[in-house]
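Asker: The structure is given below, and queries will be raised subsequently.
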Amino acid sequence: LYLYSGVWGGLFGASLSLMIRMQLGHPGVFLKSDWFYNVVVTTHALMMIFFAVMPILIGAFGNWLIPLLVGGKDMIYPRMNNLSYWLSPNALYLLMLSFSTDKGVGAGWTIYPPLSVYPYHSGPSMDVLIVSLHLAGLSSLVGAINFASTNKNMPVLEMKGERAELYVLWISVTAVLLIISIPVLGGGITMILFDRNFNTTFFDPAGGGDPVLFQHLF
């Protein structure tokens, strides 16, 4: 399922990439709106990273190879694995919804403020994108906990510790990095959500905030 979803996301992202190339080759002929070009660039990057590369390289290959390499029948938490997968297509749906809601999100894939807050993105599309990233992050986090637990607790004696396959160690390192970083990213985009909807000023210098803070969190 991860592989099919990742390939589909990759094809969608590649089609957006083609639109970017057409625009750069013949500016203004295919995409009449500069804003829409920014929306295509933003969606292309998020689609490729969160819905093509991560599902395929970590989700699909991890689920396929790790049980083989640790001598197990399945991952240690199969239902958690299921949750990790099914959060992903829902996040993908919300990303596509943000692409087609209002004018779309044209803030770049890093969604730096002040471009991602008022007055530059006043419609609901940015909020939809943030919820999408929350779901994608939750999916990665749950998956990473599963991978780290599997690699720690399931290997048969001959494959424990430094005798493990390099791939298992690589996934373990990646899982730990995800567990450390995803909550911070979640906090950063939640702060943008609050700045947009609840009158906080985390990233607004007028209220004592700092837009560069988001770059550090991101």
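Glycine too: its Cβ is placed from the backbone N, Cα and C atoms.
Heads up, here are the entries from TrEMBL:
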DOMAIN    1-218  domain 'Cytochrome oxidase subunit I profile'
TRANSMEM  7-24  transmembrane segment
TRANSMEM  44-70  transmembrane segment
TRANSMEM  91-112  transmembrane segment
TRANSMEM  128-147  transmembrane segment
TRANSMEM  167-194  transmembrane segment
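How buried are the listed features, and what sits near them?
Answerer: Within the same chain, residues 30-31, 37, 40-41, 43-44, 47-48, 51-52, 55-56, 92, 96 sit at least 6 positions outside the transmembrane segment (7-24) and bring their C-beta atoms closer than 8 Å to a C-beta of that stretch.
Counting residues 6+ beyond its ends, the transmembrane segment (44-70) has Cβ neighbours under 8 Å at 2-3, 5-7, 9-10, 12-13, 16-17, 20, 81, 84-85, 88, 91-92, 95, 108-109, 129, 133, 136, 140, 143, 147, 150-151, 154-156, 159, 164-165, 167-168, 171, 174 in the same chain.
Tertiary neighbourhood of the transmembrane segment (91-112): same-chain residues 5, 9, 12, 35-39, 41-47, 49-51, 120-121, 123-126, 128-136, 139, 189, 192, 211, 214-215, 218, selected by CB-CB distance under 8 Å and a gap of 6+ residues from either end.
Remote same-chain partners of the transmembrane segment (167-194), defined as residues 6 or more beyond its termini with a Cβ less than 8 Å from a stretch Cβ, comprise 58, 62, 65-66, 69-70, 111, 113, 116-117, 126-127, 130, 133-134, 137-138, 140-141, 143-145, 147-148, 151-152, 155, 159, 200, 202-203, 214, 217-218.
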